[in-house]
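First up is the structure itself, then whatever we jot down about it.
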Amino acid sequence: MAPHWAVWLLAAGLWGLGIGAEMWWNLVPRKTVSSGELVTVVRRFSQTGIQDFLTLTLTEHSGLLYVGAREALFAFSVEALELQGAISWEAPAEKKIECTQKGKSNQTECFNFIRFLQPYNSSHLYVCGTYAFQPKCTYINMLTFTLDRAEFEDGKGKCPYDPAKGHTGLLVDGELYSATLNNFLGTEPVILRYMGTHHSIKTEYLAFWLNEPHFVGSAFVPESVGSFTGDDDKIYFFFSERAVEYDCYSEQVVARVARVCKGDMGGARTLQKKWTTFLKARLVCSAPDWKVYFNQLKAVHTLRGASWHNTTFFGVFQARWGDMDLSAVCEYQLEQIQQVFEGPYKEYSEQAQKWARYTDPVPSPRPGSCINNWHRDNGYTSSLELPDNTLNFIKKHPLMEDQVKPRLGRPLLVKKNTNFTHVVADRVPGLDGATYTVLFIGTGDGWLLKAVSLGPWIHMVEELQVFDQEPVESLVLSQSKKVLFAGSRSQLVQLSLADCTKYRFCVDCVLARDPYCAWNVNTSRCVATTSGRSGSFLVQHVANLDTSKMCNQYGIKKVRSIPKNITVVSGTDLVLPCHLSSNLAHAHWTFGSQDLPAEQPGSFLYDTGLQALVVMAAQSRHSGPYRCYSEEQGTRLAAESYLVAVVAGSSVTLEARAPLENLGLVWLAVVALGAVCLVLLLLVLSLRRRLREELEKGAKASERTLVYPLELPKEPASPPFRPGPETDEKLWDPVGYYYSDGSLKIVPGHARCQPGGGPPSPPPGIPGQPLPSPTRLHLGGGRNSNANGYVRLQLGGEDRGGSGHPLPELADELRRKLQQRQPLPDSNPEESSV
């Protein structure tokens, strides 16, 4: 058994040969497991009307998983994903109406999205939701799992207004540390502290403090524990923002890490109720040799060790390289981040009009540092006692000169044409005594990648399709129960970290190099390492590259496959499939006792797409036994075995199959196809009959319809009509006789004529649309009467010469128009639509 340090020596040698990039650039997972193959090993939860399982909070001591979704909260048992409780917390209808009136979508935004859910104390949870763009917070009783609806708190600064905006938060000793956007428009980014014994404190609204950030994660590190300098605990925030220090490109986005001290009280005069310990630095994740820089930080996971000194951060990044999407995972050590925050500052030079390293003397006490033993010895027991020169300096210099670089100086792995969304990590002890870090990475198309860190490179164990074309929105891992939870838009899933049953053979189990799995010699099964710890009965070697003898040295029998009998006609092109054990294996064929070359023109050809050996124009000399081995890292695993017999006859093309292997499926497909054809035939006949009936009805209706020419009765000669004051409102009601554009409606019927003299009085004005007093009605400007059967009469202005009686002129013009109008095919032709 090779020692663990041998991995590092081998990696260094490979890197010197220039092939190290193959161990982290676009790695291929060894196994691909589709969603159909996960049916028996994955538990799922979904509920009608419930969406966006965004917030997952695990409490190991109680064995419960708390889930925040859209307008709902759930409690599940960690072991079996059994529902323990559910709460409906919807935004009121009036809040949703206000949200839509402000221009937000009532389909995707105007709901109560749960964005913060964490334990407040031993008996209550603290929960915050967007509440239709009016954030609210309240408490949940953990014992009864009920929501306190009597005391909703304002969620401003604790939860984002917009569910699509980045947010992160922590509850530490009853104090809420939150990074979010502090207003409806999302223009006030803030990192603040609420609740608890201290008063509220937040960042300055300055572009060089926070500039359009997208917050993705936060972490509490108890650095006061065991500190020889009396240091304070710290809270770290991770985000992307538009960089201010690059004058060449103002739109440059970079990844950041910022930190504040838990005991920060703000300044006495300068920076009152503002952070005095806020510092930030750039997170670098790049492949300089390929000129690829990952600046879009998407998620961060904090992996804690036995001591806070061993804290590790894993970041998920995205980038665009030409026309290709790239994703990467970078690893950062807490010690590296601390060194950057203790280094030089960056400042904006007014004279040079650019950002540069600050080279002048730094004030004392050091700006941005936490209160420690040195401060106390010099009379500074609180940030309220810090001098103004220190506070003014940190107000103008929150950005550090040095950058936080990843371990190894490059990404752990890079994947092309993939968007990573989330990552979680676990430390697993191997049977060789080493501890391995296993990463679980969610993707934008619903896959979960499982990878193990082997010193300077990564081994991709497998890829699992946990969701069908839905992004992995959230991930959380239970180290005590060894299960993983993943949330998407429509469902929540639980899967075991140690799914070892898929490996049926010793070689396959060992080659998986999965720290959770080992081969049990006694039971001849691949089992989880937690089920048995006796090294003499379990076979596992994660770091060893040469596993060819691992199974043989324990006397494990090789797997033998039963040959399939194939009889073909001479001259036939024969296709012999070979199902490989993994994506990293390649096929090795033998004929008789001889190895077959990868390609022999005119005789043998291996088709990588079909993963099959093609025997072209088989002859009698091709009769005999064929064996296919799945070869991986020098180890051969029997995959397929065929016994071929070539007989004389006409030439056809055959593919090797087991006898009657899929005959039942063929008959089932034939019956199903016949049923579909019958249903389609009946549907066509039914539609044809309906169409014929409709045509007959239309013909009968047209025969019964008579078209009568419409004639307007002639008006008797009478004096001009002068409406009286009593009937003026009725006859000139603007609602009944005017269109919205001022046109007059002409409705069939006879108005009551009353004697009177003089021109008619003008109608009352329409609000917002004053009309001139009409003295003439013009039909020429009306809409096309042939289009809809209506005649629109415009009200004229002043009389264009001459006086006369308008009603006879109206009757003549209207009669001409009606005679020209085409009759409409109406069911009741006596009823005019003029």
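A Cβ is built for glycine as well, from the same backbone N, Cα and C atoms used for every other residue.
As annotated by Swiss-Prot, disulfide bond applies to C99-C110 (among others), with the evidence given as similarity to another entry. Within the same chain, residues at least six positions away from C99 (disulfide bond) with a Cβ under 8 Å of its Cβ are A91, N106, E109, C110, A132, F133, Q134.
DSSP classifies C128 (disulfide bond) as strand under the three-state reduction. Contacts of C128 (disulfide bond) defined by a Cβ separation under 8 A and a same-chain sequence distance of 6+ are given as I114, R115, F116, L117, P135, K136, C137, G155, K158, C159, G169, in order along the sequence. The feature disulfide bond is assigned by Swiss-Prot to C128-C137 (among others).
Around the Cβ of C261 (disulfide bond), the same chain contributes D232, D233, K234, T277, C370, I371, each under 8 angstroms and 6 or more positions distant in sequence. Under the three-state DSSP scheme, C261 (disulfide bond) falls in the strand class. For C261-C370 (among others), the entry in Swiss-Prot reads disulfide bond, with the evidence type similarity to another entry.
For C285-C330 (among others), the entry in Swiss-Prot reads disulfide bond. According to DSSP, C330 (disulfide bond) sits within a strand segment. The 10 Å shell around the Cβ of C330 (disulfide bond) contains 27 further Cβ atoms across the protein chains shown.
Under DSSP, C517 (disulfide bond) is assigned to a strand (E or B) in the three-state scheme. When other Cβ atoms within 10 Å of the Cβ of C517 (disulfide bond) are tallied across all protein chains shown, the result is 24. Among the features that Swiss-Prot reports, disulfide bond is placed at C500-C517 (among others).
If you look up Swiss-Prot, you'll see C509-C526 (among others) marked as disulfide bond. With a cut-off of 8 Å between CB atoms and residues at least 6 apart in sequence, the same chain places C500, Y503, C517, A518, W519, C526, V539 near C509 (disulfide bond), listed in sequence order. According to its DSSP assignment, C509 (disulfide bond) is helical.
Its Cβ placed at the centre, C578 (disulfide bond) has 23 other Cβ atoms within 10 Å. Under the DSSP three-state reduction, C578 (disulfide bond) is assigned to coil, being neither helix nor strand. Taken from Swiss-Prot, the feature disulfide bond covers C578-C628 (among others).
As annotated by Swiss-Prot, domain 'Sema' applies to 30-497.
Taken from Swiss-Prot, the feature phosphoserine covers S743.
Residues or ranges marked as region 'Disordered' by Swiss-Prot: 749-834.
The topological domain 'Cytoplasmic' annotation in Swiss-Prot covers 686-834 and is backed by sequence analysis.
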Which of C137, C370, C526, the listed disulfide-bonded residues, has fewest other Cβ atoms within 10 Å: C137
Integer Å distance between the CA atoms belonging to C578 (disulfide bond) and C330 (disulfide bond): 38
Nonlocal residues around C285 (disulfide bond), in sequence order (Cβ under 8 Å, 6 or more apart): A255, Y293, F294, G315, F317, A328, C330, P406, P411
Confidence summary (mean pLDDT) of the topological domain 'Cytoplasmic' (686-834): 49
Where C99 (disulfide bond) falls in three-state DSSP terms: helix
Secondary structure at C137 (disulfide bond), reduced by DSSP to three states: strand
Those disulfide-bonded residues listed as C110, C628, and which of them has the most Cβ atoms within 10 Å of its own Cβ: C628
